[in-house]
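One structure below.
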Amino acid sequence: MMDWRGFSSKKNLIALGLGQFVSLLITSTGFSSSELSRRGINAPTSQSFLNYVLLAIVYGCWMIYRRRALQMKWYYYLLLSLIDVEANFLVVKAYQYTSLTSVMLLDCWSIPSVIFLTWFFLKTKYKLRKFIGVGICVAGLVLVVFSDVHSDDRSGGSNPLKGDLLVIAGSTLYAISNVSEEFLVKSGDRIELMAMLGAFGAVVSACQISILERNELKSIHWTAGAVVPFIGYALALFIFYSTVPVLLKISGSTMLNLSLLTSDMWAVLIRIFAYKEKVDWMYFVAFGAVSIGLIVYSGYSHIWICFPEELINSY
């Protein structure tokens, strides 16, 4: 049996810092996607494809240099790659059918999904203060949604029901992907995980691009204004994917998903200082609430994750 007990305050601080770092990375990918969309480029799978290629090259070369046999079965990585690629695709696709407010609200579905999956499959045990931290974080995000409702985002989208279902499906897949990565990184090897996710992810993305986005890519006029955000998105996502396993090993997938809630708040700050836009005061209250929730979640109680002894001994 393997116990992960009582994180020290240093690890808590590292987890909080890494959580906000990956949140900023997600914010940068969002702005890159917005810039591409503004230029009429809508190829979400193609954007992610370059990230998977980078993962395969960088971590694949590292694996070859180490010359180690695979610690996990290859088909685990294939299934994870399928889930990860489709999760990215579904959530981005949802913006075509429903409103920003709905996507933001329903994307929170990944949090209870992660809690259930880690409890059921990884045997993660949560104390009351963990749920209080989660509740404060979600309450903060709800404030953001209310702020959007009372501002400009009143459009229901062309097919709200379809869009909402896409978000829920994508969020569920994100939860499965995060929990699977948490299991693989704690049971196996981080470098192997990144290399195999990159290799299989690139193959799955290439197949999907050839079916769904081939014509879109042909119609793109590749100017500097299109290439820079395209490459910027891929680089930010590559750093994000490289950092996530470290955060998962320290504090788990629930902490990761809670940290990503602040990406909307960071986007607001960028709008204020970079674009000189005015935002509702609720955003600042929401940012404070999410920050407090993260501190409550990470700063108290213990988590212990128990893997079956025969599973650990097999590696």
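From the backbone N, Cα and C atoms, a Cβ is placed for every residue, glycine too.
These figures come from a predicted structure and were not determined experimentally.
These features come from TrEMBL:
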type	residues	note
TRANSMEM	49-65	transmembrane segment
TRANSMEM	74-95	transmembrane segment
TRANSMEM	101-122	transmembrane segment
TRANSMEM	131-149	transmembrane segment
TRANSMEM	191-212	transmembrane segment
TRANSMEM	224-248	transmembrane segment
TRANSMEM	255-275	transmembrane segment
TRANSMEM	281-300	transmembrane segment
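Among the stretches 49-65, 255-275, 281-300, the one making the largest number of Cβ pairs under 8 Å with the transmembrane segment (224-248) is 49-65.
Here the transmembrane segment (49-65) has Cβ contacts under 8 Å with residues 81, 85, 191-192, 194-195, 197-199, 201-202, 205-206, 209, 230-231, 233-235, 237-238, 241-242 of the same chain, all six or more residues outside its ends.
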